[in-house]
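Trainee: Got a structure for you, written out below as structure tokens; questions coming shortly.
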Amino acid sequence: MGVLGELAGPAVEWYSAASTTTQISVGFATVFFAAIFLNILRQLLPKDPKKPPVVFHFVPVIGSTVTYGMDPYKFFFSNRQKYGDVFTFVLLGKPTTVCLGTKGNDFILNGKLKDVNAEEIYSPLTTPVFGKDVVYDCPNSKLMEQKKFVKFGLTSDALRSYVDLITSEVQDYIKRTPNFKGEIGTIDVPQTMAEITIFTASRSLQGKEVRDRFDASFADLYHDLDMGFTPINFMLPWAPLPQNRRRDFAHAKMVEVYTDIIKARREGKVKKEDEDMIWNLMGSTYKNGTPLPDREIACMMIALLMAGQHSSSSTISWIVLRLASRPDITEELLEEQRQVLGSDLPSLKHEDLAKLPLHQQVVKETLRIHAPIHSIMRKVKNDMLIESSNGKTYTVPTGHVLLASPGVSATSSEHFPNPQHWDPHRWDGKPTSNDSAEDDQIDYGFGMVSKGTNSPYLPFGAGRHRCIGEQFAYTQLQTILANLVREFKFRNIDSSNNVVGTDFSTTMTSSNRYPFAAAPDIIRSHQKDTYFEGVLLEQLSAILRKLKGARFAHNYTSEVKTAAELLYLGLTTFVGNRTLGEEYCDIVQVEDDTLRLPAVYRRGGYILTTILLPYGLSRVLPAFRRRIRAKLEANLRRLSRKAGGQPGTAHRIQSYILNNLDTITSPSPVYAVSLAAFYFSGAYYELGKRLWGLRYIFTRRIEPSEQRVGYEVLGVLLVLQLAVQSYLHLQNTMVANAGSAAGGTAVLDHGVEVSLNAQDYASNNALLFDTNHNGSSEDQSKRIAKTTSTPVSAKPRVDLSDAECLAWMPSMQQRKCTLCLEEMKDPSVTTCGHVFCWTCIGDWCREKPECPLCRQMCLVQHVLPLRC
């Protein structure tokens, strides 16, 4: 105890004597590292052998979220080698037990209803999109009845009629799309396939009336609904984000569209020509005798539309990308059609699909490698026992999340030789049925389905939540594929055999799926973020003033500002979400080399470079400059005495460095050059994004009529300004040392200062004139006149020491400046209405862009002089 006391005593004394900022920083760091230490210690202590092994992690709550999110399959296979088929990892504070292999799939997907629950997992995400009382927002028994209602549109007769409808939609799309004109051209594969699948799904599953309404506005509503499926909405579906507001508006609008159709039909305004899904649902009744309400019909139609598009869109995109890397398979597909259907290639019929085994195998092989869903989750309601591949039996506790990954067994070498190789011929000689599993059959309330207990190939899941649209998906995909290979031969633009990788933060990744964001949208997004950071800063400052007083808050303004920026970007960019400005402008940042969402190290590096580095420089540079200046002055005195009044080369060089020390040690020129490069290229608005390789892309397709103009003219002006300043600097190398003592600005040339804060460029506050130079007022006037070609008066134009000037201000106190406490000279008013001397308020705002009295934001260019 005495040793601990001796060690702790000096530490306590140092902590007590430290500044409040240091105490807070040390406190946060202590808590953070203590939490990491205790978390590591807990994992090193003896573990309960009855529970699955836990993947080692450093940071509590975060756990293995980052490594899992970056590449789930790599995460699964890596930990499978360490722990076996059953292991647990921490996913945003939730213990998640992974069960891999065919046994794991059966354990989770065919789990009893009393033991596992899907609604608690998926309801927060899907309910705002689909609506209430449908799918996962209702008891499981009700969901089974709803699935039975929807199976009306998935019967053999219905599928037979869909082939003609899908073919017609594909052919019409090819004819009206400009990219398909001519002998050769390029297409954005994911975007094009998404449009084809949504048109074919709406025409077949929804009916002609809905398809006719599927114009640009309806497609935009669908897009806004689709954007509601973001990871953050698993936890915060109610978050007041712009994407969630658009999601809610789109849902309400689409419900209104469907209910209007239903209402018109019920009132007899629409004649029933043929049976479609809406007519079927309007006549459906639950087992308890309750008719299906109109709102539930509308919500089920939304769910059906999205279910018919999502998986098919990604799968047909992967098929086309794979065919582009294997032109020989395209030739084989076309030859198969000619041999089976005839050289004249007649219109496809439903019975023709069964005669085209290679078409089926292409679809199956693509679904095997590119499964639509990589993780299927369930909530554990009762303790469950499971045997791992290492022979041990584990207990999965109540409250854990179970995770199955059918894609692991589908890409495992124990089931498929050379599993990562895309080879449709691996299915040669095997049953051509499209059922992913043909073992035990069971009826969960919506018809007989395969349990899928032994199959390693489960792209559509298994059990009571198995996708009932599997046969429709195969019909849709094969029909689209057959039509495409009749019309086109695909190849990569670079003629390579490469295939893009998967971005697991979205459904898939494609080169050039979305266009790069334009400069105006990037700047607008930055300005919005600056505004919201300002709001957050005001709130934090208000809290600090109430807790510690106004003087304390004023002394730590820069620290509070840095904390506000860190908090804002920490809650958005660092955790992988878009900022409010990015949401507002429909842009998202990606890595410039991979076009994937940024890895966590890049996001963290960008935040440190943009916020903490400037703050650190503002603290370090003044002290560094003082030390260098003191050494230079001492050297100059020594050289002057040694040279006897005749300065040599060393004296001139050191004198030049001394006089321009602030400029030489300032990063401001780098900011200016980076900004000029942005104006020319439209990329990397902030220096931090340039250093970490982060670019912006639009999250929607931009039509030619929406293309933004660039800011090249501003780049030209900025380059000219830098060139003129450099010329003037060369013309007069003995400029005054005008850098801010606090390191906030640096002089580039005669009286022109460049802000160190990159955000000032968004508000045109980067280049300002400074009259607070060393030297006589006559020299200052000459410098200003020379730089700006503006005549400078030798004395103030308005001097309130003269009682006749601005006589309407009778009070002597009102005529005095609160900064210099003298009668105001050239009185000037800020945007908030307070009046100061022109020079006083100018000097103040250059150091702190706020009013000295009310602390409202005030820029130099917004200050207006008063005249008699």
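Cβ from N, Cα, C; glycine included.
Any TrEMBL annotation is an automated prediction that lacks curation.
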Trainee: Which one of 53-70, 719-736 shows up in TrEMBL as transmembrane segment?
Mentor: 53-70
Trainee: Same-chain Cβ contacts of the transmembrane segment (53-70) under 8 Å, 6 or more residues past its ends?
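Mentor: For the transmembrane segment (53-70), the nonlocal Cβ contacts are 35-36, 38-40, 43, 47, 79, 83-84, 87-93, 95, 231, 504-505, 576, 599-600.
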Trainee: Run through the Cβ atoms and count how many others sit within 10 Å of the one on Cys467 (heme binding site).
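Mentor: Around the Cβ of Cys467 (heme binding site), 19 other Cβ atoms lie within 10 Å.
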Trainee: I want to verify one value. Collapsing DSSP to three states, which class is Cys467 (heme binding site)?
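Mentor: DSSP call for Cys467 (heme binding site): coil, neither helix nor strand.
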Trainee: Provide the three-state DSSP residue tally for the domain 'RING-type' (817-855): helix first, then strand, then coil.
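Mentor: Residue counts for the domain 'RING-type' (817-855) by secondary structure: 10 helix, 9 strand, 20 coil.
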